[in-house]
Each structure stands twice: as structure tokens, then as C-alpha cells.
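As C-alpha cells, the structure follows; a few thoughts come after it.
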Amino acid sequence: MEVMNKKENSSRRMKGGMITMPFIFANEICEKLAVVGFGTNMVIYLTNELHLPLTKAANTLTNFGGTASLTPLVGAFIADTFAGRFWTITVASIIYQIGMIILTLSAILPQLRPPSCKDDEYCKEANSSQLAILYVSLLLTAFGSGGIRPCVVAFGADQFDENDPNQKTQTWKFFNWYYFCMGFSMLVAVTVIVYIQDNIGWGVGFGVPTIAMLISIVVFIFGYPLYRNLDPAGSPFTRLVQVCVAAYKKRKLDIVNDTNLLYQNQELDADISTAGKLVHTKQMKLLDRAAIVTEKDNPKSPNLWRLNTVHRVEELKSIIRMGPIWASGIILITAYAQQSTFSVQQAKTMNRHLLNSFEIPAASMTLFTLTTMLCTIALYDRVFVPIARKFTGLERGISFLSRMGIGFFISVLATLVAGFIEVKRKNVASTYGLVDKPKSLVPISVFWLVPQYCLHGIAEAFMSIGHLEFFYDQAPESMRSTATALFWTSISAGNYLSTFLVSLVHEFTNWLPDNNLNEGRLEYFYWLITILQVVNLIYYVFCARLYTFKPIQMHKTEDLETKKEGIELVNNV
């Protein structure tokens, strides 16, 4: 019997690891090809094919992006509570596929969109039923994203056993290569897919991503026998609420100074602390009351609405500590969102000829963002990390908090530069008497926009990957899908903030006109975002300096880096 158990355990350990990465990365490449292939050029589709005003089209996209980034909370809850990450990803991908099919059909069938019109004709805006089909398709893709986004990253990281020192060091590399593969597929989307949409047709342009999504589902399911599937540990939200309720019920008790008196139960926490248990910290002592044992409590069979373990209390503390760092990522996404709306419209008014016979699609300008991001990730992993490691002693080179701070600073430069480039574009339009001619091409090269796109790419390589690392590393192990969902909810909040800012500025100023950027003050809008980012950077530095890292007692011997970080954590606590 013992021999059989050893064989089963050995078989279980053999699953996962690098062998699963081709399936997960292939799924991510095809899925991102589909998502970006839809989204990148969508502002052109909404304005040219459905004849929506620019601000309405921009807000539709940012609202959709916000919703698609908010639904991961639901997907994470489902994955962590009962379904598991594999099945959540699979079902969500199918839902996404249905939404893509509907959107593709709406681009193919003439009755599902308004009649075409010439530049000098009145363009009839899409009616309510045509918009309803658009919104249903976008909503389905948003729900599909809700199951895919929080789970793919966590599922990929799950393939590496944290209790194995050799595999533990692979996790941070996974995040870099995950983002690299994602960036590569996005690069293909903003070049090949956008070119097809602009030069062959929207039906084919939407059809190719739809097929790519189908391939991603098949490839992902095909790798099932190789995956390391972790069982869901029950609802993380219920545990968080239980701690709050228990602490409230015992609010009149004195706070215990001797932490050894607080409730511990390794058997109760076994399923949610496989890698190690969380150690007590001195912050937020009010919550410690949830772990105080009274005469009314039964430690052998506790009522979790009255008594919780230190590990469960620290789970809630960890989530609360992550909140301020989470909030700091919102404004960067607001800045980044302008690339798919107003920056595309800028590019559309400029000379985009690379050769006499070839014109770069306006939406393909994001290829400079993606190319820069990919190059930065590769250089970061191969050059920067080995050099930084010699000075810091950290396996990852620098901490994820430092990485995020660098990204925030570069993003400030991106929107600052964008404002000056818009001033240059409008000066050329004024010189040639084109201010009141929105359909005319301004004789200035579109490559003037390259600096702002490249700076956004560098900023994302630092900040977004650092943000993702932060959520996965600092979240309690049983809440990692939920933590990854927090990454996407910051994107959601950033998109909604963009919608709010655009609507507010459009309502009270003339900076963002509907039909003629030449008469607007887009540079003022960029500089407004720059000011907000500077304030946000100061806020982030303050929060990062005060942040207390998650203290964890590993079940097995830790590697050298973990020991160093553990010493720092004890000092901080």
C-alpha cells in the first residue's frame, strides 16, 4: 500500500514544470491574438463602419475594457471556490468564442450595420438593434475574459512547485516569458490582423482572430494530462468575511500581546497552506481578536464565524496591505488606454506612408509599443537582472516594487512627450491651413508618435510585469486567482477612469472635439494625465516604503534568497 502511495505521489510530482509551458503559452498567444485583433482597430470600426462619434466610440471601448477587466473577480471566485483553474479557463474560452462569432457575423452581414457613406455624405449612425448586437458580443467576450485572465497566469505559475527550490526560482522567469509571449502575439495582431481589417475587410479581419481563439481552446485542452492541477480550497471571500465577523464579535476583548496565545490549527489550515503558513504580524491588531480563544469557543471544532486561526487572519491582512499598491496602478492604465483611442485618431490624420505603395494602418502604431516592450523584457531578463543581482543579491535582480516604480516614472515621460508631439502636429496643420479640414492629411510623418509609443512599451515592461509579480507573490496561496483578478481590476478601474476623464473634459472644455482633433486641445488632456501620474508616483513611493511583505514560514528548507527576504521581513515586522 505504501509503495502504491509513493508511486502516486511521484506521478503527481512529475506533472507540471516546463513541459507544460508550450501548451499554456500557445493558448495565451492565440487568445491574445484574438483579443488584441478585435480591440486594437475597434475604434476605427466603430467610427467608420458604425458611424459613432469619436468620444462615444472611445467611451464604448474603455467601458468594455473596464468591464472585461472587472469580470475576473467573478472568474477568480469560481476558480478558487469550486471549479478549479483548468475548467474555468476552458468554459470561459468557449463563452469568449461565442461572442467573437457574433461580432464577426455582424461585420459580414450588411443588415447588422448601417449603410456605408462617402466623406461628403451624411453618415447614419447604427440603430439600437445594431448596437445591441455589438454590445451583446462585447459583453460575452467580457464574461469570457473574466474566466481567462485571472486563471491563466496563476495556472501557469501553479506548474512550478514552490516547495522545490529548483522550481521556485523559475516562477519569476515565467512571468517575464508569459508577458513576452503575450507581447509577441499582440505584435502580430496589430500588424497582420489590422492590415487585413484595413485592406481586405472587417469580416476576414475578425474571422482570423475567431479561428485563432478556437485553436487556443483545442491546444489548451490537449495538454490536460500534463498539467499540475491544484484543488480549489473553498471560497476565499467567505474566509475573509468570517475573520471580519469574528473580530467584530470580539471587539470588546483586550488585544493579546503574547502571540503564542492566538489560535493555531495546522490541520484546519492544511488545504490553504500547502507551501507554508503565514506568520503573525503586528499591523492591524484589531483583526487579531478573531484568533483569541474564549470560553465560548471550541478549539477542536471551531465555529469559524467566532474563531479563526492566525493564518486566516493574516490572509485578510495581506489582502488589505496590497490595496494601496493595487490602487497605484490605476492611473497608469488610464494613460495607456489613450493609445487605442486618441493616439489612433492622431495617427489617422498624419502621413503614414512607409513606402510609396505601402501605408501603415493607424492602429498598427502600437507595434512600436509592443516591439519596445518585447525588447525591454528580453534585455531585462538577459542583461539587467544578472548585473543587478551582483549588487542586490536577489535572484530576480531588483524587487518587484522597485520595478514598478521605474515603470511609473517612465509612464510620466510618455504622456508628457505625447502632449508636445500633439502641439507639433497641430502647428503643421495650422501652417498648411488644415485646421478646419479634419478629413485632410496633415503633412507630418506619423513617426513623430513613435517616442510616446516606445516609452509606453518600456513602462509596461517594468510596471505591468512587476504589478503581476507583486499580486501573485504577496497574495495568500489559496487566493492567487483572486489576486491575479486584482491585477485586472486595476486595469478595469483605469479604463473607467479614462471614460470619466474623457466625459468630464469633453463636457466642460473644448479639448476633445468629436470630429476634428485639429480644433481641440488634446495636448492639455495628455498633460492633465501627466500631472495625475506625478501625484500618483509620489503616492506610490510613500506606499512602497511603508509596505510590509507577506511573512511566511515554509514547510521545507528555503533557498538562499528566501532566507534573505525572510530576515528582512522579520525586521520589518
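FYI, residue positions are counted from 1 along the chain as it appears here.
Placed from the backbone N, Cα and C atoms, the Cβ positions cover glycine too.
Taken from TrEMBL, the feature transmembrane segment covers 21-46 (among others).
The transmembrane segment annotation in TrEMBL covers 58-79 (among others).
Counting only same-chain residues 6+ beyond the ends of the transmembrane segment (86-112), those with a CB under 8 A from a CB of the stretch are 27, 31, 34, 38, 45, 49, 75, 78-79, 130, 133-134, 136-148, 151-152, 155, 201-203, 205-207, 209-210, 213-214, 216-217, 220-221, 224, 227, 229, 481. The transmembrane segment annotation in TrEMBL covers 86-112 (among others).
The transmembrane segment annotation in TrEMBL covers 132-156 (among others).
Annotation source TrEMBL lists transmembrane segment at 177-196 (among others).
Among residues of the same chain six or more beyond the transmembrane segment (202-227), those with a C-beta under 8 A of the stretch's C-beta atoms are 15-16, 19-20, 22-24, 26-31, 33-35, 37-38, 41, 45, 49, 86, 89-90, 93-94, 96-97, 100-101, 103-104, 107-108, 155, 159, 189, 193-194, 196. Among the features that TrEMBL reports, transmembrane segment is placed at 202-227 (among others).
Beyond the ends of the transmembrane segment (319-338), by six or more residues, the same chain brings 62, 65, 240, 283-284, 401, 404, 407-408, 411, 414-415, 418, 456, 459-460, 463, 467, 470-471, 474-476, 479, 483, 486-487, 489-491, 493-495, 497-498, 501, 526, 529, 532-533, 536, 539-540, 543-544, 547-548, 550 to within a C-beta distance below 8 angstroms of the stretch. For 319-338 (among others), the entry in TrEMBL reads transmembrane segment.
Panel annotation: around the transmembrane segment (358-380), residues 40-41, 43-44, 176, 179-180, 183-184, 186-187, 190-191, 194-195, 197-199, 339-340, 343-345, 347-348, 352, 397, 446, 449-450, 453-454, 456-458, 460-462, 465 of the same chain, lying at least six beyond its termini, place a Cβ under 8 Å from a Cβ of the stretch. Annotation source TrEMBL lists transmembrane segment at 358-380 (among others).
Per TrEMBL, transmembrane segment is recorded for 400-421 (among others).
Annotation source TrEMBL lists transmembrane segment at 441-462 (among others).
The transmembrane segment feature in TrEMBL is assigned to 483-504 (among others). Long-range contacts of the transmembrane segment (483-504) within the same chain: residues 55, 58-59, 62-63, 65-70, 72-73, 75-76, 149-151, 153-154, 322, 326-327, 329-334, 336-338, 341, 467-468, 471-472, 474-476, 512, 525, 528-529, each at least 6 residues beyond the stretch ends and with a Cβ under 8 Å from a Cβ of the stretch.
Per TrEMBL, the feature transmembrane segment maps to 524-547 (among others).
Counting only same-chain residues 6+ beyond the ends of the transmembrane segment (132-156), those with a CB under 8 A from a CB of the stretch are 20-21, 24, 27-28, 31, 35, 38, 50, 64, 67-76, 78-79, 85-86, 88-89, 91-100, 102-103, 106, 112, 126, 174-175, 178, 227, 468, 472, 480-485, 487-488. Among the stretches 58-79, 177-196, 400-421, 441-462, the one making the largest number of Cβ pairs under 8 Å with the transmembrane segment (21-46) is 177-196. Listed stretches 58-79, 177-196, 400-421, 524-547 were compared with the transmembrane segment (441-462); the greatest number of C-beta pairs under 8 angstroms is found for 400-421. Non-local neighbours of the transmembrane segment (524-547) in the same chain are 321, 324-325, 328, 330-332, 334-335, 338, 342, 401, 404-405, 408-409, 411-412, 415-416, 418-419, 422, 501, 505, 509, 511-512; each lies 6+ residues outside the stretch with a CB under 8 Å from one of its CB atoms.
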